[in-house]
């Protein structure tokens, strides 16, 4: 059995099965009476039976006759005649005829070959006169085939030549004209446009509201918390549902030893006790997208907190370390100062000024999409919104916001709000100074009585110094009430680099003595990461700023507030 690769024995599998059945049947009663301990103390005389089964297996393998190779007479090659293998001069090979591209010629060729093969195989002992007769038939077939090819080739040339005069008439490439496009660059300049703030600029669009809203049973204006069911809750439910099931696998002694394993008693925890567990916890956090540097710092802080602590009698080191890490993570996700946007908007209303929010972040994280979601949430809470299109660089940025404005107005038409348009777009086209557009939009909102101004900015990489300087200028000049960094939940170590460099750029390029930094975070694409929620920990740990909004989908209702316990439960899931 051990050397099957060296000595191939075909009967080994059958022998093992026979031995197993024979041994089981012979000592079945003894097993049932004495139990498992009978296997250790009992003696079994099975040598003769084994040798008998071995002989039977060897004999059965010899009975099988070896496979015999076919003779030449039995093969298909012997059926072929010499004549069918001879090629006549001037005749094309049969395979080439079959591989013609023209379908008609292919069909005709295969019929001809079939006819020729029938003639050749029909007479096995032909005479000399028969040979001449068959050759003349082949020549006739060849001549007919060539004439057939010529006819089809001429017909193909005629059909291919016929559309050429039309193609010559339509020479030259014509530029494609799009429905909403215009080649004139002046059309893209909205500096002298008088449409900003008017209802005609954003006509009501008809579309399916279910596609934009998603859940129709939700409470309007409410920002729901993230939901996540941890494994501990699921295990508790299983225990409650099956309280009467005894553990059949574990015996009395085994269960007791399992309980006592890993218990520390009343001794104090040392670093040596915690190091193996903390190493596993660190790898687990990194696997869940927590930045490596932050995972190390978290484990280090937990170790310092627990070192020297006296454990309870029935408490394991693993459970203690895990509990301490969970508490530290929840504390990170719940900063000391929590942002209440609705309360701050009402405070600004009492001061008769608009509440200004600026969105910033790297390219492609979802700034414009989540700005539209936040607009919808504010409108449902009764606040009017002015969107400032300050992304004057990305192609289609203004048109994207214009589409969102039309759809939001379709969901909340002026008729439902006493004739007041709840959301409008302030735009000045492309290639303009973003800080100047934001200043004009804020002034326009103050004059027109808007409650909130949402400033959309262009995406920029944290290493691009000129663009970071322009962002710092926009924030310093307009002094928004809230600066939100939009980051996606898919990143790991990159989240730390982005936030650190954005804050550093805002501090370096600010003209004020106390520079304005990031106030909060919008975490997007949270529905794409399953339980790899480490980016939330990385962002809040490095900035000590709260995650204000969480984007969880594509509809306007897919906006949530952060639930720290739900995120930690997902993070600690094995």
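Residue numbering: from 1, along the chain as shown.
Every residue gets a Cβ built from N, Cα and C, even glycine.
Caution: TrEMBL annotation is automatic and unverified by curators.
Checking TrEMBL for region 'Disordered' across the ranges 36-86, 87-137 points to 87-137.
Remark: secondary structure over the domain 'SRP54-type proteins GTP-binding' (546-559) totals 0 helix, 6 strand, 8 coil, with classes taken from DSSP. The average pLDDT computed over the domain 'SRP54-type proteins GTP-binding' (546-559) stands at 90.
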